[in-house]
Amino acid sequence: MVSFLTLTSFFFICFFIHGSSAVDTISGDFTLSGDQTIVSSDGTYEMGFFKPGSSSNFYIGMWYKQLSQTILWVANRDKAVSDKNSSVFKISNGNLILLDGNYQTPVWSTGLNSTSSVSALEAVLQDDGNLVLRTGGSSLSANVLWQSFDHPGDTWLPGVKIRLDKRTGKSQRLTSWKSLEDPSPGLFSLELDESTAYKILWNGSNEYWSSGPWNPQSRIFDSVPEMRLNYIYNFSFFSNTTDSYFTYSIYNQLNVSRFVMDVSGQIKQFTWLEGNKAWNLFWSQPRQQCQVYRYCGSFGICSDKSEPFCRCPQGFRPMSQKDWDLKDYSAGCVRKTELQCSRGDINQFFRLPNMKLADNSEVLTRTSLSICASACQGDCSCKAYAYDEGSSKCLVWSKDVLNLQQLEDENSEGNIFYLRLAASDVPNVGASGKSNNKGLIFGAVLGSLGVIVLVLLVVILILRYRRRKRMRGEKGDGTLSAFSYRELQNATKNFSDKLGGGGFGSVFKGALPDSSDIAVKRLEGISQGEKQFRTEVVTIGTIQHVNLVRLRGFCSEGSKKLLVYDYMPNGSLDSHLFLNQVEEKIVLGWKLRFQIALGTARGLAYLHDECRDCIIHCDIKPENILLDSQFCPKVADFGLAKLVGRDFSRVLTTMRGTRGYLAPEWISGVAITAKADVYSYGMMLFELVSGRRNTEQSENEKVRFFPSWAATILTKDGDIRSLVDPRLEGDAVDIEEVTRACKVACWCIQDEESHRPAMSQVVQILEGVLEVNPPPFPRSIQALVVSDEDVVFFTESSSSSSHNSSQNHKHSSSSSSSKKMTNDNSSA
């Protein structure tokens, strides 16, 4: 019995000694689970399972053993385990892996294709904090297969190399935690770029701080001059043909220091103060918290002088209060009450003074604060506005407000920011309390009545002034006038002078009291007229461009819907191109035609690229290009237009437009992009060159589909002059311009929309800024190449006033080969 107890005690003591002794290695017969850890041989670093803060999740991580737990590296950042006791960190199948629960589910792995046996591998936590997976043996003879220094987390330890692989262009990154209790990769990262500068990025794309390039003479980064005063670190930069990296060591090994890509979005340098038993913030960039991009998220307000730095404005609350408590403000703020745009009186604007204005604004040409406010009030998508007195710019925000900052009172660079709120969320600043002083109450009542009477008088005068101003046509600021039906009835002399008509109504000439001419479109048809009315007001009501027809105002009284435009004395382009022998009009010369083509392209480029939303016109044709007194082209008739938000690339809509100008994707029924307008423009450009409809019979009475004929001439180096309108004989026709126009037109009508140029590229080509390559033959028109056989075409037009000719333009869905359109490496 004694012998048995003695033997049992011996084994217990041996087991206890083995279990309590610190080891630095995980090998085939030693794993980590529960509270087990490994410790570097010098006792500096420790590794095992940990739980951040009050989180219920467990991770495998490394920390300083002798200091308060400061996590330096995490293996399974992306996926936590729920139970540390049933989870195992071990070597298996040539890898270091983490298994969650009963050895079944792999959570993390080194991801090697190793052929080494388990018994030949070991994972060692070295004295520098590097976890190394290597073949067994001494540190000198061992072969390192994987090391944690090549996979940094949020902390940069001495000896770690944040490198750039010049062969692949990829850089290692320090990436912040998502929050104080969530080590998964956050939104902020530090990386090295090709200019030898370190930069901090938001979401891997938006740079908001840079160290500047490395200066080998002074051994500092150009934008970090304080490195000259450093007495703690020895910085080193290395660069060769394959990679570049920056690393550092510490002069005094007794000092404990680290760099961290913090959840705040700042790169921070900490040193340990042994006397205080605390970390000291030695250096950080950006210096100001509010310089961090999107730190407070959407609609959040940042202030460098408050704690916490982020707050939500009036009428908003944190998207996630739990995340905000953990200093993760990235989700931003959400409205307490959603906006309702059906009634303008239930939305108001809340005034935020002395603000550094948010990013992602759009600039409107407005001349005063009141006009700017009116423009935003009238646009349901406008979430906020501000007026910059210095530059006389009206700034509006139609998307989420980002990087809004509250400036200090002594800072005079701030602006007043007006944020749209539901009226129920706007505080009643007037109802601050009651008074028992009857005299004060009586005086206040009398004063209020006096103010009300004065305000009413001012309002009446303003309304009279505005009415007179509107009737004089003084709306140069770009805002829309609301006309009464009687006013337009008088202006058009009871709609007596009809200019034309179409599927949606008729157009009449009129004059305002100041004798300025206008064109009034009276929309007809209850449903279609209402739809076109809304579409035109939304699309062109708030935009201005020299090549877009200007909408001056509107009338909406019950079923009566009218639109008021500037009058175009030279009518539409088709009336000058497609002349019959009876009509006596001036034939447009080539220079004028080319300027019309260029101006139209500029107008479309503005619609596609420079408006708040991409506007697809959907019905580009000569009938919808109006000419002013100087023959300056104006894109008109936006009744079929579609708006596409900048977050989307295409829109699914019903087929619309005019046959003969329709892109193939209209017929196939797929979602369209702005490239549908490009196709229509290409067809119209051919008609500008030829002076006739694309399907009109030629002089020798053989039916020719002009685009196929022009494509044949272009691809076979034929006579370009033969494509020009014969009525221009004797006119100074610039063949180089004709060639450029025909080439770009042929590119515009390619079957695959990805092969067509953007309208901005078309403008550059016509201006001669870009050289254009020979286009491929569009496959959908190859069947229409000129032959001896008769080809019958049929045309339908949305405008009954157009000079219709019959055509039946059949499109093929076959694609053309992808080619470069220009010589500047920009693809069509």
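Backbone N, Cα and C define each Cβ position, glycine as well.
What Swiss-Prot records for Cys290-Cys302 (among others) is disulfide bond. Close to Cys290 (disulfide bond) in the fold, though at least 6 residues off in sequence, lie Cys302, Ser303, Asp304, Phe309, Lys356, Gln405, each with a CB less than 8 Å from its CB. Following the DSSP three-state reduction, the secondary structure of Cys290 (disulfide bond) is helix.
Long-range Cβ contacts of Cys310 (disulfide bond) within its own chain (separation 6+, distance under 8 Å): Tyr295, Cys296, Gly297, Gly300, Ile301, Cys302, Trp324, Tyr329. Taken from Swiss-Prot, the feature disulfide bond applies to Cys296-Cys310 (among others).
According to Swiss-Prot, the disulfide bond annotation covers Cys372-Cys394 (among others). All chains included, 26 other C-beta atoms sit within 10 angstroms of the C-beta of Cys394 (disulfide bond). Classification of Cys394 (disulfide bond) by DSSP places it within a strand.
What Swiss-Prot records for Cys376-Cys382 (among others) is disulfide bond, and it gives similarity to another entry as the kind of evidence. Around the Cβ of Cys382 (disulfide bond), 22 further Cβ atoms fall within 10 Å across all displayed protein chains.
Under the heading N-linked glycosylation site, Swiss-Prot lists Asn85 (among others). In sequence order, Ser33, Gly34 constitute the residues six or more apart from Asn85 (N-linked glycosylation site) in its chain with CB-CB distances below 8 Å. Taken residue by residue with DSSP, Asn85 (N-linked glycosylation site) is part of neither helix nor strand, so it is coil.
According to Swiss-Prot, the N-linked glycosylation site annotation covers Asn113 (among others), on the basis of sequence analysis. Its Cβ taken as reference, Asn113 (N-linked glycosylation site) is surrounded by 7 other Cβ atoms within 10 Å in the chains shown.
Asn203 (N-linked glycosylation site) carries neither a helix nor a strand DSSP state and counts as coil. Cβ neighbours of Asn203 (N-linked glycosylation site) (same chain, under 8 Å, six or more residues apart in sequence): Leu187. Sequence annotations record features per position, and here Swiss-Prot assigns N-linked glycosylation site to Asn203 (among others).
Residues or ranges marked as N-linked glycosylation site by Swiss-Prot: Asn234 (among others). All protein chains shown were included, and the count of other CB atoms within 10 Å of the CB of Asn234 (N-linked glycosylation site) stands at 12.
As annotated by Swiss-Prot, N-linked glycosylation site applies to Asn240 (among others). Remark: Asn240 (N-linked glycosylation site) has no non-local neighbours by Cβ distance under 8 Å and separation of at least 6 in sequence.
For Asn255 (N-linked glycosylation site), applying a Cβ distance below 8 Å and a minimum sequence separation of six or more within one chain yields Ile232, Thr271, Trp272. The N-linked glycosylation site annotation in Swiss-Prot covers Asn255 (among others), and the record cites sequence analysis as its basis.
The region 'Disordered' annotation in Swiss-Prot covers 796-828.
Taken from Swiss-Prot, the feature transmembrane segment covers 440-460.
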In sequence order, which residues at least six apart in the same chain have a CB under 8 Å from the CB of Cys376 (disulfide bond)?
Phe349, Cys382, Ala384, Tyr385, Val396, Tyr418, Arg420
So for Cys296 (disulfide bond), how many other CB atoms are inside 10 Å of its CB?
28
Using the alpha carbons only, what distance in Å do you get between Asn113 (N-linked glycosylation site) and Cys372 (disulfide bond) once rounded?
63
How big is the Cα-to-Cα gap, in Å, between Cys372 (disulfide bond) and Asn234 (N-linked glycosylation site)?
56
If H, G and I count as helix, E and B as strand, and all else as coil, what does DSSP give for Asn113 (N-linked glycosylation site)?
coil
For a quick check of packing: other C-beta atoms within 10 Å of the C-beta of Cys372 (disulfide bond), how many?
25
